Amino acid sequence: MPKNSKVVKRELDDEVIESVKDLLSNEDSSDDAFKKSELMVDDQEEKDVDVEEGSDVEDERPAWNSKLQYILAQVGFSVGLGNVWRFPYLCQKNGGGAYLVPYLILLLIIGIPLFFLELAVGQRIRRGSIGVWNYISPKLGGIGFASCVVCFFVALYYNVIIGWSLFYFSQSFQHPLPWDQCPLVKNTSHTFVEPECEKSSATTYYWYREALNISSSLSESGGLNWKMTICLLAAWVMVCLAMIKGIQSSGKIMYFSSLFPYVVLLCFLIRGLLLNGSVDGIRHMFTPKLEIMLEPKVWREAATQVFFALGLGFGGVIAFSSYNKRDNNCHFDAVLVSFINFFTSVLATLVVFAVLGFKANIINEKCVIQNSEKILKLLKIGNLSQDMIPHHINFSSITAEDYNLVYDIIQKVKEEEFDSLGLKSCQIEDELNK
């Protein structure tokens, strides 16, 4: 081959190599551009997904000023009359301390998991009850509306109770208290106690005739009770002022509305423990009746109380947690609020049973005095012999223990005719069971 042809061939080869390099470089750049465009599309899709899930809305949605405000809001929502009165009532009804066992078991198995689920859903989706169910499925949006309707009805009767409390608070600045004694009725000849009040009690009469001013029957409306109307209006105004700015105003109110009831409960507990017979009531509370715990009704009522106490299904838990950041530790919140709720129920039960023990002692003392008078009459007419009565017994200042001793002696000696004597066994346990 001629020399010039070799040179031409070399030049042609170099041009081909350069062309291939240019082609490869163009392919690489196009691949990079395609990959970049693909990444941009993916980022845009992820961003769109986040927008759907509320990430952009997250910056616009208000948030709690502090974690303490949020915890107090959840505690204030869950703790209420269900803890202060319904739990002690169920505890006394279903075996005292035995009721605490199924309640605690169901709280761990059902209550805390469902409570955590509502916290997690509200915190992740960052919407209220209606928005959360619409987000899960538009067909389930009715559940959110139903929970709002339930909350509305609960707010109706809770504000009525607040109105009653405001009325009694306004009347409590008098001395003596208007429900301390039965009112006197004056006529032309003499003064006497109101017969209706004498048959019931001063507190019952004041509640029905003064506070509620009820009519004689359901067919009679009785007119407008302007005192209660003003108190009910004041209750709604207070609620509206607390919520007028959303969580910015309600969060600050939580410091008072959630903590003040604990101050009152502690004051009641201290006062209750100082009353005569309070220990008997607390002992009755923690004395379990294990045979009652085997009944299915006890477990059913315990499960109902778990739902009612934690506010499950009302939508409030979801709404409060929706103002949290998504990285909030809702596991800890669920356990903390649930056990605060449980210990609040136990604290309120201690207060109630301390007062019930005091009340049972008063009723038992009246029973002892009345039956001691019966024994004295039986001794005078000769139905009972003085030899039955121990020498240290003094009927003018007889104690419950001495009366029970005399009662047992008479029951054994007069076994056949004991029922005709009309004596009652004055036991504190019997009064507490009532």
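Note: Cβ is positioned from N, Cα and C throughout, glycine not excepted.
Listed features, source TrEMBL:
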BINDING   G76, V79, N83, N341  Na(+) binding site
COMPBIAS  40-57  compositional bias 'Acidic residues'
REGION    27-57  region 'Disordered'
TRANSMEM  70-88  transmembrane segment
TRANSMEM  100-121  transmembrane segment
TRANSMEM  142-169  transmembrane segment
TRANSMEM  226-247  transmembrane segment
TRANSMEM  259-282  transmembrane segment
TRANSMEM  302-323  transmembrane segment
TRANSMEM  335-358  transmembrane segment
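A Cβ within 8 Å of the Cβ centre of G76, V79, N83, N341, the residues given for Na(+), is found for these other residues of the same chain: V75, F77, S78, G80, G82, A309, I340, T344, S345. Other C-beta atoms found within 10 angstroms of the C-beta of N341 (Na(+) binding site) number 25, with every protein chain shown included. Cβ atoms under 8 Å from those of the transmembrane segment (259-282) belong to residues 72, 79, 84, 344, 347-348, 350-351, 353-358, 360-362, 428, 432 of the same chain, restricted to positions at least 6 beyond its ends. Within the same chain, residues 64, 158, 161, 247, 250-251, 254-255, 257-259, 261, 265, 305, 308-311, 316-317, 320-321, 323-324, 333, 336-337, 340-341, 344-345, 348-349, 352-353 sit at least 6 positions outside the transmembrane segment (70-88) and bring their C-beta atoms closer than 8 Å to a C-beta of that stretch. Long-range Cβ contacts of the transmembrane segment (142-169) within its own chain (Cβ-Cβ under 8 Å, at least 6 residues beyond either end) map to 80-81, 128-134, 211, 227-228, 231-232, 234-236, 238-239, 313-316.
Note on N83 (Na(+) binding site): other Cβ atoms within 10 Å of its Cβ, all shown chains, come to 24. Taking the Cβ of V79 (Na(+) binding site) as reference, residues of its chain lying under 8 Å away and at least six apart in sequence are, in sequence order, S258, P261, A309, I340, N341, T344. Sequence-distant contacts of G76 (Na(+) binding site), defined as residues of its own chain at least six apart whose C-beta falls under 8 angstroms from its C-beta, comprise M254, S257, S258.
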